[in-house]
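Contents: one structure, followed by commentary.
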Amino acid sequence: MEHTYQYAWIIPFLPLPVPMLIGVGLLLVPRATKNLRRMWAFPSVLLLSIVMIFSADLSIQQLNGSSIYQYVWSWTINNDFSLEFGYLIDPLTSIMSILITTVGIMVLVYSDNYMSHDQGYLRFFAYMSFSNTSMLGLVTSSNLIQIYIFWELVGMCSYLLIGFWFTRPIAANACQKAFVTNRVGDFGLLLGILGLYWITGSFEFRDLFEIFNNLIYNNRVNSLFVTLCASLLFVGAVAKSAQFPLHIWLPDAMEGPTPISALIHAATMVAAGIFLVARLFPLFTVIPYIMNLISLIGIITVLLGATLALAQKDIKRSLAYSTMSQLGYTMLALGMGSYRAALFHLITHAYSKALLFLGSGSIIHSMETVVGYSPEKSQNMALMGGLTKYAPITKTAFLLGTLSLCGIPPLACFWSKDEILNDSWLYSPIFAIIACSTAGLTAFYMFRMYLLTFEGHLNVHFQNYSGKKNSSFYSISIWGKKETKTINIRKYFCLSTLSTMNDNEKDSYFLKKGYPIHGNVRSMARPLITISHFGNKETFPYPHESDNTMLLPLLVLVLFTLFVGFIGIPFDQEGMDLDILSKWLAPSINLLHPNLSNSVDWYEFITNAIFSVSIAYFGIFIASLLYRPVYSSFQNLELINFFVKMGPNRILWDQLLNIIYNWSYNRGYIDFFYAKTFIRGIRGLAELTHFFDRRVIDGITNGVGVTSFFVGEGIKYVGGGRISSYLFLYLSYVLIFLLISYFLFLNL
């Protein structure tokens, strides 16, 4: 077994030859490299598959042996400072390695077809392989210095991937926003690492945890300083995992290609922050204030992400806010001390979210043939609908991912989310109420996405020619570059109400407003969504199912979504041990909680599951009631009429919905607040500094120079241009200076 561990250092470096060879090929033989560009997908998938097999072997050994292996090389040692580099193989490393490689392989296979017509195909695979290298290096790091190095590389890769279509201003701004926001977290992480080294004198995890715990136990360190250092470390995780208040970069990160979104949101960047907290969990557990802070940030992010996803019309942004909320559940579990539940939800969410993102990519890919290569149109759920007829396989995969995220058994996320909800009741009833309510919101907005996308009719074919309004959209060519084309829009698309409201009244996208059955039934024939005429003349009339190379990863991820949850079934009765995850995590769990038991009996599990599933079904029911296609809603006429005839209460209800809609659609006004305070303040400070530098600093320097120039000119004219005159003036000034110095010396 140890023989296998000795070669684990190669794990991060196996995918590295791909970006290196692509770079060398583009420098030396660019034409041949570009002509044979499709072949680079094979080595990318092959090398990552080797890493996956290696990681699986290590995981099997972890299950059988329950051991932790660490190997280090001394780089520089003296009496005052030592730095060692190495790798650490423990359950957390093996779990993350399998997660990164399996999702990464699916994304690479999917991307071969998705990016086949893009001019940046080679650049895309180089970035993706280097991103996998960076993340694998991060999870195998044995000390904080290595963590920070690979942490920065992961951030750099995310910057490159988000801004992949850098010719589009909105994509360039998005990658800059992600980079700057993560700079805040990275600066906090660096300060926290330096603070911990100042306290313990070590960067190695084992030594650091042991020394730190002894110092805390013996009360030999300032508690305020320790809390500050731990908080700074947590700031890095907050930024990387898009937790409140550093979450603002996440929805803008959707400007990259969809496979990148799947990788970032499932296995790489956002998982890095969760991994950091899990890796430093023995340190955080001895500081109660930090654990409370982690759980507080987690529960705020859970609720905020869910509310912001309610009214999004971009399918990828909706999934982005869903990621934010679900990672909030994971962070909440870590803050509550539920180490196993947190990692369990990280695993189940990663596969479900990868399935949803790749499914959304298949949807976008099919919609591009109808509306053109513009994200504003191909990702807009208002233009979708009825895709079940055109993409049945994608629909089935997306539905399973949706139900999993909603928490419907026996799909993956049900098991992990149910465990977190149960633990939250033991930790704080207030947190539990928020977490359970958000579970219902999750089911609501996820099923809303599904209904708007797949049910009903293809809404892009409903065109409304009333009104005149022009708008300019950035259109994406098949090469990923911006086309400066102005598209005339007769009327900007929106969800129209089904009531007898005047045309001047504000339509709400958040809800299909009431059915005027008691008035004019014929108004039910009006389309649910009014669509503008985008001017796309030469496009296919209908979407189509994706190719097999894009559907294969979806089917594999469907299998993961169906069965990966069974590794964490918390049953251990009558000798039947089904909890593989606890056995896998045994070394870490025993280190943190020696006497912890995760098993529950059937009665307790069923009682808790009925409650959580009921909440999920209630959210699905509300979404079905509000967003189900018009023609299938006639059976609910009596219920709808009840809401329509509410009278004055209906006005209050509409006002409440508009408030919720405005909050959600405007991102909770958080971006607006940051723009008005931090961004404007920093720009004002920069302008003030620029003014001070130009007018004051440069003014003093230039003033001295100008004064010297005029003094010199004056002396030149006094001397008359003769050397004897200059010499006489020089000696005169020297004599005057000596006399002044002499009299001053006498006075002293």
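Heads up, the Cβ atoms here are built off N, Cα and C, so glycines get one too.
Annotation source Swiss-Prot lists transmembrane segment at 40-60 (among others), citing sequence analysis. Beyond the transmembrane segment (40-60), the same-chain residues lying 6 or more positions past its ends with a Cβ under 8 Å from any Cβ of the stretch are 4-5, 7-8, 10-11, 14-15, 17-18, 21-22, 89, 93-95, 97-98, 101-102, 104-105, 108-109, 111-112, 122, 125, 128-129, 132, 136, 584.
Taking Cβ pairs closer than 8 Å, the transmembrane segment (121-140) reaches residues 8-9, 11-13, 15-16, 18-19, 22-23, 26, 33-34, 37-38, 40-41, 44, 47-48, 51, 87-89, 92-93, 96-97, 100-101, 104, 107-108, 111, 115, 146-147, 149-151, 153-154, 156-158, 160-161, 164, 257, 259-260, 263, 267-268, 271-272, 275 in its own chain, all 6 or more past its ends. Summarising the annotation, Swiss-Prot assigns transmembrane segment to 121-140 (among others).
Among the features that Swiss-Prot reports, transmembrane segment is placed at 185-205 (among others).
Annotated transmembrane segment per Swiss-Prot: 224-244 (among others), in sequence order, evidence recorded as sequence analysis.
Positions annotated as transmembrane segment by Swiss-Prot, on the basis of sequence analysis: 258-278 (among others).
As annotated by Swiss-Prot, transmembrane segment applies to 280-300 (among others).
Here Swiss-Prot flags 327-347 (among others) as transmembrane segment, drawing on sequence analysis.
The annotation transmembrane segment is assigned in Swiss-Prot to 354-374 (among others).
According to Swiss-Prot, the feature transmembrane segment maps to 425-445 (among others), an assignment based on sequence analysis.
Positions annotated as transmembrane segment by Swiss-Prot: 551-571 (among others).
The transmembrane segment annotation in Swiss-Prot covers 605-625 (among others) and rests on sequence analysis.
Residues annotated as transmembrane segment in Swiss-Prot: 726-746 (among others).
With pairs at least 6 apart in sequence, the transmembrane segment (280-300) and the transmembrane segment (327-347) have 3 or more Cβ pairs within the 8 Å limit; the two touch. Between the transmembrane segment (605-625) and the transmembrane segment (425-445) there are at least 3 Cβ pairs closer than 8 Å, counting only pairs 6 or more residues apart in sequence, which means the two stretches are in contact. The stretch from 185-205, 224-244, 258-278, 280-300, 354-374 that makes the most Cβ contacts under 8 Å with the transmembrane segment (425-445) is 280-300.
Only residues 6 or more beyond the boundaries of the transmembrane segment (354-374), in the same chain, are considered here, and those with a CB under 8 A from a CB of the stretch are 103, 106-107, 110, 114, 257-259, 261-263, 265-267, 315-316, 319, 322, 383-384, 387, 390-391, 394, 397-398, 400-402, 404-405, 453, 458, 460, 473-478, 534, 536, 539-546, 550-551, 553-554, 557-558, 560-561.
A Cβ distance under 8 Å defines the sequence-distant neighbours of the transmembrane segment (185-205), meaning residues of its chain 6+ beyond its ends; these are 72, 83-84, 88, 142-145, 147-148, 151-152, 155, 211-212, 215, 221, 225-226, 228-240, 246, 276, 279, 283.
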